[in-house]
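Quick look at what TrEMBL annotates:
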| type | residues | note |
| --- | --- | --- |
| BINDING | His2 | Ni(2+) binding site |
| BINDING | Cys70, Cys73, Cys86, Cys89 | Zn(2+) binding site |
Amino acid sequence: MHELSIASAVVDTAVRHSGGRRVTLVSVRVGQLRQVVADSLAFYFGVVARETVCEGARLDQELVAARLRCRACEREWAVDVPAFRCPACAGGDVEVLSGEELEVESIELEVESECTA
């Protein structure tokens, strides 16, 4: 259920950077190792966004694949399931290169129409 706290942080970030304008889209990058359930995050985003400038905004989620590097032999690889052993040398001293991201990539705001007389 950590998706609720993530959704809250995303909405807070969008509200803080919106300048009071209505938010129409929030794009986030979520690393595979965060184990975020996309549907749950979208649901909680909608709940938390109520009565804020984010109400009705779309949440676009990009999943960032997990990549590791073996510190012993420098081999890099993508992982589908967390298996922290190097496939080349079977070493266990690995560095996570990607997959732990959790960041707001962009925020789109409603364009204010100008009336000309």
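Numbering starts at 1 and runs along the chain as it is shown here.
Glycine too: its Cβ is placed from the backbone N, Cα and C atoms.
The model shown is predicted, which means the values in this text are computed figures rather than measured ones.
A map of TrEMBL features onto the structure.
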| residue | record | DSSP (3 states) |
| --- | --- | --- |
| His2 | Ni(2+) binding site | helix |
| Cys70 | Zn(2+) binding site | strand |
| Cys86 | Zn(2+) binding site | coil |
Integer Å distance between the CA atoms belonging to His2 (Ni(2+) binding site) and Cys70 (Zn(2+) binding site): 30
Zn(2+) site shell beyond Cys70, Cys73, Cys86, Cys89, criterion: Cβ within 8 Å of Cβ centroid: Arg71, Ala72, Glu74, Arg75, Pro87, Ala88, Ala90, Gly91, Val94
Protein Cβ atoms within 10 Å of Cys70 (Zn(2+) binding site), excluding its own: 21
Separation of alpha carbons, His2 (Ni(2+) binding site) and Cys86 (Zn(2+) binding site) (Å): 30
Cβ packing number for Cys89 (Zn(2+) binding site), 10 Å threshold: 13
C-beta crowding around Cys73 (Zn(2+) binding site), within 10 angstroms: 12
Same-chain residues at least 6 apart in sequence whose Cβ lies under 8 Å from His2 (Ni(2+) binding site): Val36
